[in-house]
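Annotated features, as they stand in TrEMBL:
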- CYS72, CYS76, HIS160: Cu cation binding site (BINDING)
- CYS72-CYS76: disulfide bond (DISULFID)
- 34-195: domain 'Thioredoxin' (DOMAIN)
Amino acid sequence: MTSSNANRTLALGGAGALVVVLLGLIGWMLSQQPARGAPDEPFTLSDTRGAKVDQTIFKGRPSIVYFGYTNCPDVCPTTLIELADWLRDLGPSGQSIQALFFTVDPERDTLDVLGPYVASISDRIIGITGSAAEMEKASKAWMVYARKTGEEDGDYHMRHSTSLLLIGANGRLQGMIPYGTPKDEALRKIRDVLLPPSTRTAALRS
């Protein structure tokens, strides 16, 4: 084989390898995005207000949904505190929105733990927990990433998706608010995708 043919072969091989890597990266990125439709697989959970929760909770009214856990050192409490602030700023026009906090750590986040936790942040946020199997159904339905990590002496953390999900009254994902989004941008997105046009002006005034 001549040197030019060898170089051409190496170049083609390198290009092929790059394509494989890029396709794998695209596939991974898509796998990290929440599903857009309401869950098809039934699940049964409980909320911090004493009600049973199933897959129909996402239909009938708009929702802001977050998957996290009470032992989270920073991202989860920050996100929920910001969410509570946004809900206050939306005023009466945002009363139709339900704020749901699904735990990704049901082993520790029982109702006795989850209830006081969300109550200390906002009376608008509803905590939801259940068995590990049922919680996994709920998180997988939206393709939310959650994984136990660093388990030592019974202590561990959870790696998980950190975006808030904006779900319309039709039960479909309308958008997301990534962690760290500025307040004005977050409020604008909530108004645009979850509030009907007739209430957006009122929300802006409140």
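Every residue gets a Cβ built from N, Cα and C, even glycine.
On its own chain, CYS76 (Cu cation binding site) has TYR66, GLY68, TYR69, THR70 as residues at least 6 apart in sequence with a Cβ closer than 8 Å to its own Cβ. Using the Cβ center of CYS72, CYS76, HIS160 for Cu cation, the list of other same-chain residues with Cβ within 8 Å runs, in sequence order, PHE67, GLY68, TYR69, VAL75, THR79, VAL104, MET158, THR162. Counting other Cβ atoms within 10 Å of each Cβ, the lowest count among the binding-site residues CYS72, HIS160 belongs to CYS72.
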